[in-house]
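Engineer: Pasting the relevant annotations from TrEMBL:
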DOMAIN    35-310  domain 'ABC transmembrane type-1'
DOMAIN    342-576  domain 'ABC transporter'
TRANSMEM  31-54  transmembrane segment
TRANSMEM  66-88  transmembrane segment
TRANSMEM  142-161  transmembrane segment
TRANSMEM  167-185  transmembrane segment
TRANSMEM  252-272  transmembrane segment
TRANSMEM  284-306  transmembrane segment
Amino acid sequence: MASSEKQLKKQAEKGIWKSYFRLMFKAKLPWGWIIFVSALYMFSSTITLAFPNFASKVATGVLKPYIIWGTVGLIVADVIMSGVVRYFNKLLVAKIDVSYRSLIWERLIKSPLRFFDQMKPTTMITRITTDATKISTVLGSYLPSLAATIYGTIGVVAVIFTYDWRLALSVIVYIPLYLIFNLFYGKWNYRAFKETYNRLSTLTQFLSELLMSVPLIKTFVTEKKEDERGHKNLQYYYKANMRRYIIMWVENPINGILSITSDILVILYGGYLVKAEIITISEWLGFFMYIGMLWGMLGSFLMMYVEIKKSQGATDRIAALMDGDLEVSERNFSISKLEDNIVFKDVAFSYGEKPVLGHVDVTIPVGKVTAIVGPSGSGKSTIFSLLQQFYQPNSGEILVGKTPISEYHLTDWRDLFAGVAQDSPMISGTIRENIVYGVNRDVTDAELAEAAEKANALDFIKGFRDGFDTYVGEAGSNLSGGQRQRIAIARAILRNSDILLLDEATASLDSQAEKFIQEAMDTLMQGRTTIMISHDLSNVQDADQIIVLNGGTVDGIGTHDELLKTNELYRLLVQLHTSSSAG
Ligand SMILES: Nc1ncnc2c1ncn2[C@@H]1O[C@H](COP(=O)(O)OP(=O)(O)OP(=O)(O)O)[C@@H](O)[C@H]1O
Ligand SMILES: [Mg+2]
């Protein structure tokens, strides 16, 4: 178990380069810019490479005019070039950043609901914010500078060999040593980094859950328990951080020893070569400077390696996002009006592993009212999701007449529906924006007021100082449940769709409001195919057909009177309802 886990971990660490290449070609990267910035880097490297050659001569008193002016020119050019490179590099990072963000955004919008069920919102937020930043920084800054660093390293090695091959060779043996240590170290460091990162994520998640459930915590007086949980998480994070700092600390002395011994070698052996008049003092000095550059470049390679490894989580997550299926809207047929019955033919469905519906065979008559009743969790809302094709059935078919609904253009199909749901979703914005959301035409103020009035929402909207321009807060958090529902009803009225889906549409209303709403609903339902889910059985008695659902299968179908005679569960539900509303 533990070893297979380890293996999995290793495999995950290996896949990184593949993920990277895939990602590089999925987004429309500004290749022209990448090449341009790489060229700038090369140019800048060339200037840097030339500098020690000149500077060492000046330092040792070789004062020919071309050497003095060359040195001055190189200093100026170096400063200007590094500024220019930095500017264009930032520009490039920004360009790459926006192309990844739009790619992620597009994918998220077009991903099927199934995809979102598997991921927490906090994870998704990380993806769009930090993951994109990480990838664009790595691709934008390291990709162009990589080429220049390789070029610079080769350049330095070539130059030091022209000074003296023995001296060069004695230093070059350090390179594998340095690389091997740092590669192992990099891996080690990366694991420690990942551990801290995971601990921090846990902590963040804990915090966000905590903040969302403050009322719950206060109600059940669980502050002490939550406090302890929080401290435990903090301790884990602290320990992981300590481990990371210890590992970071190890790197310094070891690399220090490596570079000091190589410096001593250059000084002692170089001194000997100067004394023996094999090389000049200025060559010795130049050599020394180039070796410093070499260590710097090796350091850059390692930094790139570590940064790329660090961004691995982000890369994997985004690669997974890129590989998922998308909803395809383009299909064989268009549809603008429901003209035939909707038929469920032996439909089975599960969310992941969990079976929710099995062998559902029902017909939903066009233009009529169908009610779905059944215990909580029996799959009622799931039927709505399947109808709107948020999910596809695992087996069986949903048809309109003889055509599977999956043959209709998806946008056409979803346009047929207007819904008022159990927890009617809101967008953050004004009441007006929420009412006209998804209504694809211009809406006049008079129409807006009429719809609000019909939904029995006009009074409370007028009660707000800003009326229709009242800001509803994040996801409508400034509104009560009943207010949100009435806004959703007004939206459904305006949308004027063929099929109405009412999921407990009147659940959050008091009986007074409910009466008004019921009237509004009755007008709204006229001539439309309505499917309603209700626990309030007095609402469903007039339905043309009632489907009783139990544990994901159809327990009975019929009118109120028929079901009272034939269906045990229905009778029970009615009994429960009458006794609860009496009490
Ligand atoms: N997105 C989801 N992922 C996994 N399981 C789900 C998901 N949505 C619903 N379920 C499960 O599917 C089953 C049916 O849920 P559904 O929402 O259809 O029930 P319901 O009949 O509408 O219940 P209620 O009357 O409480 O609204 C439940 O057991 C529920 O836990
Ligand atoms: Mg439900």
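Yeah, the Cβs are placed from backbone N, Cα and C, and that goes for glycine too.
Quick one: how deep are these features, and who are their neighbours?
Structural biologist: Residues of the same chain lying 6 or more positions beyond the ends of the transmembrane segment (66-88) and with a Cβ under 8 Å from any Cβ of it are 33, 36-37, 40-41, 43-44, 47-48, 50-51, 54-55, 57-58.
With a cut-off of 8 Å between Cβ atoms, the residues of this chain six or more beyond the transmembrane segment (284-306) that come close are 48-49, 51-53, 55-57, 59-60, 142, 145-146, 149, 152-153, 156-157, 159-160, 163-164, 167, 171, 175, 178-179, 182-183, 186, 189-190, 259, 262-263, 266-267, 270-271, 273-274.
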Engineer: With Cβ-Cβ distances below 8 Å as the criterion, list the same-chain residues six or more beyond the ends of the transmembrane segment (142-161) that contact it, or say none.
Structural biologist: 34, 37-38, 40-42, 44-46, 48-49, 53, 89, 92, 167-168, 171-172, 287, 290-291, 293-294, 297-298, 300-301, 304, 307-308
Engineer: Near the transmembrane segment (167-185), which same-chain residues lie under 8 Å Cβ to Cβ, leaving out any that are not at least 6 residues past its ends?
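Structural biologist: Distal contacts: 157, 160-161, 247, 250-251, 254-255, 258, 261-262, 265-266, 269-270, 273, 279, 287, 291, 294-295, 298, 301-302, 305.
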Engineer: What residues in the same chain, six or more past the boundaries of the transmembrane segment (252-272), come closer than 8 Å to it by Cβ-Cβ distance?
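Structural biologist: Non-local partners: 166-167, 170-171, 174, 177-178, 181-182, 185, 279, 284, 287-288, 291, 295.
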Engineer: Take the domain 'ABC transporter' (342-576) and average the pLDDT across it for me.
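Structural biologist: Averaged over the domain 'ABC transporter' (342-576), the predicted model reaches a pLDDT of 88.
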